[in-house]
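Features of the protein shown, as given by TrEMBL:
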{"type": "BINDING", "residues": "13, 64, 74, 75, 163, 199, 217, 218, 227, 228", "note": "substrate binding site"}
Ligand SMILES: N[C@@H](CCC[C@H](N)C(=O)O)C(=O)O
């Protein structure tokens, strides 16, 4: 379908999926911003674009609503997997996807209606190395590193799961507010220590194998859930000895299950939903800048 799209969400983190071969235009940063606009466009936490791959069954490019490109997205990968299955682009229930943040394997869980209602994704290995995020602090691993943001002195754990994350823990029994997220989120995302910016998680342990996180995404702002954020926060919680795996990660939009192996290889399992399929109207496309 010309200028067709597929819309899905993972726990309220919503994406529009497109095949660039079906588009009459190139996905430039300006056009991505126009499509993702919540009032003037389709509205979305990002765009997932099917891409060719020599290494995997499929390639995926991930765009944030500000037009920037992300290396990886956990919810995005489950939505992309559902799109591939629902639109007949694959008949397989297990396949590989190449992202800019590494190769992942996905297994679909198909329900009695024939829908891929959930997916398990081998998300790759977490690393705490400063160079991997990148972060300009002269520490090898970013474990409880000091940072000043929005007038507060904090400690953060830096994690790359292909894309960068800054996890700030409070002690069990304490809590973060939405106001904390709306002030610390942008201050940490744009902090000079992170030259490529960062995703931010305000986290708290809520049980021996459970954490709760509020999420501020690079290039998107506050989101209801995030798969790569869940992987990063679970890895940080295990590394800091706050929980034992597998880790249940609770978020405003719902729960993901994250297995953290001894070498910090990550397996994410969670639900995925389709919302709509359609086509951008010719007049909307003409108005994109
Ligand atoms: N929502 C995603 C993360 C999307 C990319 C992120 N905003 C970035 O810039 O790295 C997820 O579910 O992981």
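Using N, Cα and C of the backbone, Cβ positions are placed for all residues, glycine too.
Quick caveat, the model's predicted, so the values are computed rather than measured.
Compute the center of the Cβ atoms of 13, 64, 74, 75, 163, 199, 217, 218, 227, 228, which mark the site for substrate; besides them, the chain residues with Cβ within 8 Å of that center are 70, 72, 73, 76, 215, 220, 223, 226, 229.
Residue 163 (substrate binding site) has a Cβ environment of 27 other Cβ atoms inside 10 Å.
Take the CB of residue 227 (substrate binding site) and look out to 10 A: across all protein chains shown you find 31 other CB atoms. Put simply, the two farthest-apart Cα atoms among 13, 64, 74, 75, 163, 199, 217, 218, 227, 228, the recorded binders of substrate, are 17 Å from each other. Remark: residue 217 (substrate binding site) has 45, 64, 199, 200, 223, 226, 229 as non-local neighbours, by Cβ distance under 8 Å and separation of at least 6 in sequence. The secondary structure of residue 217 (substrate binding site), as reduced to three states from DSSP, is extended strand. The 10 Å shell around the Cβ of residue 13 (substrate binding site) contains 28 further Cβ atoms across the protein chains shown.
Residue 13 (substrate binding site) carries a strand DSSP state (E or B). Counting only same-chain residues six or more apart in sequence, the Cβ atoms lying under 8 angstroms from the Cβ of residue 74 (substrate binding site) belong to 10, 121, 123, 226, 227, 228, 229, 230, 231, 256, 268, 270. Residue 163 (substrate binding site) carries neither a helix nor a strand DSSP state and counts as coil.
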